[in-house]
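See below for the structure under consideration.
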């Protein structure tokens, strides 16, 4: 998912910031673990007043991205501050090299050249490098996914950077949802509040989609499938989140599931399109009890990208829109494909699928308000209401 940029930033903070976040962990009904099992094991720099670096790879379903972070930590008890970030991406994603893992490793090798130019040479051996893969690799047969991970591990080992334990792995969908929620609420300041006034997260990637929020009622906890509830402690507070990742319900996965019925470009008019795309989510996506009354959700990744492409929101600042705005724009796009086709021949289907996912999948009302934001601007969201 594209929120991975911010998630990866927080994972580095969890690993590098010392005792303040070292105790973060979570407990689900099926397993007990700490973030040390999700994140690489690293040690905090000895001289915390100095700047230090971290290199994170986001191996998504549509591309591989490198994030080179520069941190400054002024005091041992304080969270490190992000001083600078260098970003670069390549397409396609690692999963496209399922039958040629060496080529997948080479894409990572090329991106590491950027890191060597960005991180001071004297800090190479203390700069951790980590890769987290998401839905793209989760959809592959295990042996092919492992071959890609092993190839990346070899590329890391031959680099001059610090390679921690568990540096190359596939991020579980539940863990991704939890980290996304922590990330957004960390960046928006909600984790510092004494109350439970947190915000929920909606993430739409290419291969999967996720919903995560802190339930306000016990009915939501009791009515949810058991493995949809994750319990963890952070900052001396225990949280019980509703979180689930739907593999195969991402935007690109939905395209593949419906293209046969919709033609080469997923366009046969809004009504017929809706009838087909809703089949992807009907009976598959659980509807949490309280989302119909909630408007405290951030939506990002392809929610943001398609909202920008269709003209719903500003690409720089994001925007505050209602679910009905996606529906209205979907109808407009489907009825005026000659206008929107140059932007994307799949825009009709994509906007229609987003509408179906929000309404018939998760069960949001058309009047539900969403803050649609780029992962890069969540912490400084300035989007305006339409």
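Including glycine, each Cβ sits where the backbone N, Cα and C put it.
Heads up, TrEMBL stuff is auto-annotated, nobody curated it.
TrEMBL lists 1-22 with the feature signal peptide. The active site, proton acceptor annotation in TrEMBL covers 176. If you look up TrEMBL, you'll see 206, 207, 208, 209, 210 marked as ATP binding site.
In the three-state DSSP assignment, the secondary structure recorded for residue 206 (ATP binding site) is coil. Other C-beta atoms found within 10 angstroms of the C-beta of residue 208 (ATP binding site) number 26, with every protein chain shown included. In this structure the C-alpha atoms belonging to residue 207 (ATP binding site) and residue 176 (active site, proton acceptor) are separated by 13 Å. Counted within 10 Å of its Cβ, the other Cβ atoms near residue 209 (ATP binding site) come to 32, all protein chains included. Within the group of binding-site residues (206, 207), the Cβ with the highest number of other Cβ atoms inside 10 Å belongs to 207.
Around the Cβ of residue 210 (ATP binding site), 28 further Cβ atoms fall within 10 Å across all displayed protein chains. On a Cα basis, residue 176 (active site, proton acceptor) lies 14 Å away from residue 206 (ATP binding site).
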